[in-house]
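Noted in TrEMBL for the protein shown:
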DOMAIN    51-179  domain 'Cytochrome c'
BINDING   Cys73, Cys76, His77  heme c 1 binding site
DOMAIN    223-347  domain 'Cytochrome c'
BINDING   Cys237, Cys240, His241  heme c 2 binding site
Amino acid sequence: MQKYYTYLIILLMLTLIMSFSKLEIVADRYTGLSPLPFSASAPKDNPITDEKIELGKLLFFDPILSGNNKISCSSCHSPEKGFTDGLDRSAGFLDGTKTKRNAPTILNAAFNGLDTDGNMNPTHSPQFYDNRAMSLEEQCMGPLLSPDEMKGPELSAQEYIAVLEEKVSNISAYRMLFYQAFNDSVISIENIAKAIATYERTLITPNSPFDSYMRGDENAMSAIQVRGMEAFVSRGCVSCHSGPMFSDYKLHVLGVEAHPGVYPYDKGDGNYAFRTTTLRNLNYTAPYMHNGMHQTIEEVMHFYERKQSRHQQVPNRALAPEFKDLKLNPLTRSKVDDIIAFLEALNDPDFDQTIPDSVPSGLPF
């Protein structure tokens, strides 16, 4: 019997060693690419708890957070649309208006800043197309206090914070939920943001075919998807779309055409540079680019193939060197099909798409 257990232990150890060896071989072959972890890290001052997740989810869907009691976070980040809204630019606060940018997906936003080795600081997690926020908590504050999104134009940020905290505090269910989540029934905008950020840290998709393949499952991706991955690496796409999030999190000038509905022009960081966005879950997040100017993945690929600015204020000499160094020209039909097939392998439908039956405010959403 003892010999049997010894043999079983040795067999298990060999299996583990072989699995790790496969993973190392795959990682070495496709330098710069790696799978997502199975959970997201949180700041020390905002640990993840079930109570906070529950509260954050209710707040995310509750229009009480907006100045007109009509707009919730889910208005622009709908679960059924991959936590985007499917529009080129999101609807604005005032009827008939739009914001200047496409709504980025919240899926895996908790992993922004994660590097190829799995290292990440959740307080240095670039958010938005211009990296203006460095944590999910800070990101949550942005729409809440934006005159174009949820706050509205009538009150200053400080005035609205007082109004928002009072509105939420007047709801007894929220007082109880905040006490359970933070051991404090006093409701602050900081804790509102912390709760929503905690919920967002559960919206992850670490089980795509690509992730399984990179963990050693050679059957997780088809032959055409593997060819597409090889082309993705060899043609230079990985120079920016790298790591587990397929992003270097840096700002690059690409010369994406200006949206005809946005004037004055959206300058991104001030120099027409925008952050490299993730390529995960593209099936659910069209249209693409910071202003939603491209409807299909194939359109985006042909934009990169040309390697020329399409923005009247961005000369070709200002384009990012990584963009100009791409080896996509000519982009044959078969190569397009291969790369699109690979990008299909980055989709993972297994994320929380449930919505609450109701929210504590009682408002429709």
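Placement of Cβ uses the backbone N, Cα and C atoms for every residue, glycine included.
Source: prediction; values computed, not measured.
Location within the structure of each feature annotated in TrEMBL.
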residue	record	CB count, 10 Å
Cys73	heme c 1 binding site	27
Cys76	heme c 1 binding site	24
His77	heme c 1 binding site	24
Cys237	heme c 2 binding site	24
Cys240	heme c 2 binding site	20
His241	heme c 2 binding site	20
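Excluding the listed site residues Cys237, Cys240, His241, the same chain places Phe232, Gly236, Val238, Ser239, Ser242, Phe246, Ser247, Asp248, Thr276, Leu279, Glu322 with Cβ atoms within 8 Å of the centre of the heme c 2 site Cβ atoms.
If you take the Cα of Cys73 (heme c 1 binding site) and the Cα of His241 (heme c 2 binding site), they are about 27 angstrom apart, rounded to a whole number. DSSP places the residues of the domain 'Cytochrome c' (51-179) in helix, strand and coil in these numbers: 54 helix, 6 strand, 69 coil. Same-chain residues that are not part of Cys73, Cys76, His77 yet have a Cβ within 8 Å of the Cβ center of the heme c 1 site turn out to be Phe60, Ser72, Ser74, Ser75, Ser78, Phe83, Asp85, Ala103, Ile106, Pro143. His241 (heme c 2 binding site) falls outside any helix or strand according to DSSP and counts as coil. Note on the domain 'Cytochrome c' (51-179): its mean pLDDT in the predicted model is 98. Checked against His77 (heme c 1 binding site) by C-alpha proximity, the binding-site residues Cys237, Cys240, His241 yield His241 as the nearest. On a Cα basis, Cys76 (heme c 1 binding site) lies 27 Å away from Cys240 (heme c 2 binding site). The two recorded residues, Cys237 (heme c 2 binding site) and Cys76 (heme c 1 binding site), have Cα atoms 29 Å apart.
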